[in-house]
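Novice: Annotation source TrEMBL lists region 'Disordered' at 1-66. The feature transmembrane segment is assigned by TrEMBL to 97-114, 119-136, 206-228, 235-257. If you look up TrEMBL, you'll see 122-366 marked as domain 'Fatty acid desaturase'.
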Amino acid sequence: MPLEDGDPARPRGRQVNGEVSGTPRFRGMQGDPGGSRTEVMAEGWEPGPALSDGNVTPGGAPQPAGKHEEALMTELSELVQKVVKSSSWWERHGVDISILACSFLLLPAGFLCLRSAQAIPFLAGVLILGVVHHTLTVKGSHLASHNALTESKSWGKVWAIFFIELCSAFTVEQATYNHVKIHHGYTNVIGLGDSSTWKLPFLNRYVYMFIAPLAVPILTPLVALDLLRNVEWKAALRTLCCMFLGLYCHYWLLLHISGFQSPWSALLCMLLTRSLLAHPYIHVNIFQHIGLPMFAADRKPKRIHLMSLGVLNLPRNALLDWSFGHSLISCHVEHHLFPSLSDNMCLKIKPIVSQYLKQKKLPYNEDTYSSRLWLFLQRYEELMVHAPPITELVGIQ
């Protein structure tokens, strides 16, 4: 499938919402009412030559900007690779596999708790199944899509089918293509990896942020069915079988293990558990990219700048760390720079990456969940409805 920029480049200096699109907002989100801690550019950064200019090496020889950025990424990769090579299998894969295994072991307890006629055990069952569902469908599917659960490509394919199709009711081919190839390859590039698939401009801010997430369990398989037109018939048939099996098993267990008396009550419980963490799921996907610098496909920076400018980390949170994984919460910058690493390894390299980026005067974006939520509620029209301004790269060294 060809990759094309669906959004034509704007003229330099065009004003959007009172701001000049040619003016990069490197020092943080303007008008952030929540006291945002977003460090879009390290403190003390001063404008340098444009990207088209050359940087000067310590020996005095001019070095092209592209070569300089590639050298930075190479140096950081070598530092990270040393940590990965010195890490055990348990650190590379075992910790995250254990979290997924523990989630499976909690399933019987969740279904049995739903048998109770008392409120507290019943709600405990809803909580257990909701957390387990999101751990398998978000953390499991995300790691499987990047082949971060195992070093074997064959087993990686098996786990991807299991977590993405059977547990999440989506299609492996389209999930991998849209997330790994497009979103990661063109992070915050307008028309490609700018997270526009998460925008529903016809909804107002409160409906989108607080009501629409409840529909995620219903919309996910419907979107998957629509995307099956883009895959081979064998893959489409496999996906249909896995989706049906996963949904029917959940429904059957609610009827025969949890003791639901009617199909509608079982379906309502399915919706409740599958949407339990849908709000933070939607929020995390928009908080960590939308509102940060956006680029045109023909003027995007090199990888290290693209990922450091267009990605944001949220603080650690016990529930979300378990259900979504570190790479989607507090280590999202690290994940975009090194997407094949597991959640635990992203957490392990976090001090190295943050220290290196700040040392090299590169962005390392961080903000709180509440601050980003307030920001999106205040600037919803600008961030989620109107097209974002293109960030010019003048001044990045």
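Glycine too: its Cβ is placed from the backbone N, Cα and C atoms.
Where in this structure would I find these features, and how exposed are they?
Specialist: Counting same-chain residues at least six beyond the ends of the transmembrane segment (97-114), those with a Cβ under 8 angstroms from any Cβ of the stretch are 121-122, 124-126, 128-129, 131-132, 135-136, 139-140, 149, 253-254, 257-260, 269, 322.
Mean model confidence for the domain 'Fatty acid desaturase' (122-366) is a pLDDT of 96.
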Novice: When you check the transmembrane segment (206-228) against the transmembrane segment (235-257), do you get at least 3 Cβ pairs under 8 Å, counting only pairs 6 or more apart in sequence?
Specialist: yes
